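Participant: Sharing the features that TrEMBL gives for it:
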ACT_SITE  Asp67  active site, proton acceptor
ACT_SITE  Asp136  active site, for ring-opening step
ACT_SITE  His138  active site, proton acceptor
ACT_SITE  Glu143  active site, for ring-opening step
DOMAIN    10-225  domain 'Glucosamine/galactosamine-6-phosphate isomerase'
SITE      Ser146  site 'Part of the allosteric site'
SITE      Arg153  site 'Part of the allosteric site'
SITE      Lys155  site 'Part of the allosteric site'
SITE      Thr156  site 'Part of the allosteric site'
Amino acid sequence: MEVVIVPDAKAGGELIAEAMAQLLRRKPDALLGVATGSTPLPIYEALAAKVRTGAVDASRARIAQLDEYVGLPAEHPESYRSVLRREVLEPLGIGMSAFMGPDGTAADVQAACEAYDAALAEAGGVDLQLLGIGTDGHIGFNEPCSSLASRTRIKTLTEQTRVDNARFFDGDISQVPHHVITQGIGTILEARHLVLLATGEGKADAVAATVEGPVAAVCPASALQLHPHATVVVDEGAASKLKLADYFRHTYANKPDWQGI
Ligand SMILES: N[C@@H]1[C@@H](O)[C@H](O)[C@@H](COP(=O)(O)O)O[C@@H]1O
């Protein structure tokens, strides 16, 4: 696992957007796994800016969703499908025909989950998967004690996650669904490159457990330690509880320029 400490969220967004741009220059139809939440927004803004200036062409990119609320109609403004359409597809000029995600309104949720895992494999697998992290260490919606081998499936949210996400529902927790579909941890680990961005002191404990704690289902993000190409990008606040921060700074500062993340 590589840990990159950046000065702020904007710098993290720029670094990751450049890695995505480099991938798209190599593989224009790359399958990009995208995450929701506030944290990845600087990545999407930086990538959209590159598209606008012609620094990269994202028109052939394909987009895969990480997770979704169960029961919200697809057109609900806070369904993750709607959020991603607004925040990723439209700014990058990518049509919905290049988008894939689980169906949160399916009558048979389990079948929809299995169909999504199969579709990801059929599409050749995710090339680069963006991840945020919950305050409890969750990735996607894999809450603590999710199996590290899990596949896409339905999960029940913890109250903390519902409280954290109520801000997207007018601060009204009663509007936050209890159930979600999420790519499993085993599914996520199949992506070729995992890039987790965490910003702010509120994520510092979760980041420390992810990077320096044991691999343990109680901190789902710690599964990144099992991946051969995982990059954790953190700002100073999110890095503030890392005991090895100086080591990570030194290693990244002395990395060969050509290597990227
Ligand atoms: N399902 C999403 C996660 O993918 C995201 O990482 C997390 C953190 O969100 P934020 O970046 O807003 O802190 O929120 C939700 O739970």
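Along the chain as shown, residues are numbered 1 onward.
Backbone N, Cα and C define each Cβ position, glycine as well.
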Participant: Using the alpha carbons only, what distance in Å do you get between Asp136 (active site, for ring-opening step) and Arg153 (site 'Part of the allosteric site') once rounded?
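Facilitator: If we compare the Cα positions of Asp136 (active site, for ring-opening step) and Arg153 (site 'Part of the allosteric site'), the gap is 19 Å.
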Participant: Could you list, ordered by sequence, which of these recorded positions: Asp67, Asp136, Glu143, Ser146, Arg153, Lys155, have a Cβ under 6 Å from ligand 1?
Facilitator: Asp67
Participant: Listing them in sequence order, which of the recorded positions His138, Lys155, Thr156 have their Cα within 10 Å of that of Ser146 (site 'Part of the allosteric site')?
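Facilitator: So the list reads His138, Lys155.
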Participant: Once the DSSP letters are reduced so that anything not helix or strand counts as coil, what is Glu143 (active site, for ring-opening step)?
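Facilitator: Note: Glu143 (active site, for ring-opening step) is coil by DSSP, not helix or strand.
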Participant: Reduce the DSSP letter at Asp136 (active site, for ring-opening step) to three states and note it down.
Facilitator: coil
Participant: In Å, rounded, how far does the Cα of Lys155 (site 'Part of the allosteric site') sit from the Cα of Asp67 (active site, proton acceptor)?
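Facilitator: Their Cα atoms are separated by 10 Å.
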Participant: Counting other Cβ atoms within 10 Å of each Cβ, which of the active-site residues Asp67, Asp136, Glu143 scores lowest?
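Facilitator: Each of the active-site residues Asp67, Asp136, Glu143 was scored by Cβ atoms within 10 Å; lowest is Asp136.
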Participant: Across all the protein chains here, work out how many other Cβ atoms are within 10 Å of the Cβ of Lys155 (site 'Part of the allosteric site').
Facilitator: 21
Participant: Counting every protein chain present, what is the number of Cβ atoms, excluding its own, within 10 Å of the Cβ of Arg153 (site 'Part of the allosteric site')?
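Facilitator: Cβ-Cβ neighbours of Arg153 (site 'Part of the allosteric site') within 10 Å number 22.
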Participant: Are there any residues in the same chain, six or more apart in sequence, whose C-beta is under 8 angstroms from the C-beta of Thr156 (site 'Part of the allosteric site'), and if so which?
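Facilitator: Those within reach of Thr156 (site 'Part of the allosteric site'), by Cβ under 8 Å and sequence separation of 6 or more, are Glu143, His178, His179.
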Participant: Taking the Cβ of His138 (active site, proton acceptor) as the reference point, list residues of the same chain whose Cβ is under 8 angstroms away and which are at least six residues distant in sequence.
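Facilitator: Spatial neighbours, sequence-distant, of His138 (active site, proton acceptor): Pro144, Ser146, Thr161, Pro220, Ala221.
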Participant: May I ask for the distance between Asp67 (active site, proton acceptor) and Arg153 (site 'Part of the allosteric site'), taken between their Cα atoms and rounded to an integer number of Å?
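Facilitator: With distance taken Cα to Cα, Arg153 (site 'Part of the allosteric site') is 10 Å from Asp67 (active site, proton acceptor).
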Participant: Taking the Cβ of Ser146 (site 'Part of the allosteric site') as centre, how many other Cβ atoms lie within 10 Å?
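Facilitator: So the number of other Cβ atoms within 10 Å of Ser146 (site 'Part of the allosteric site') is 22.
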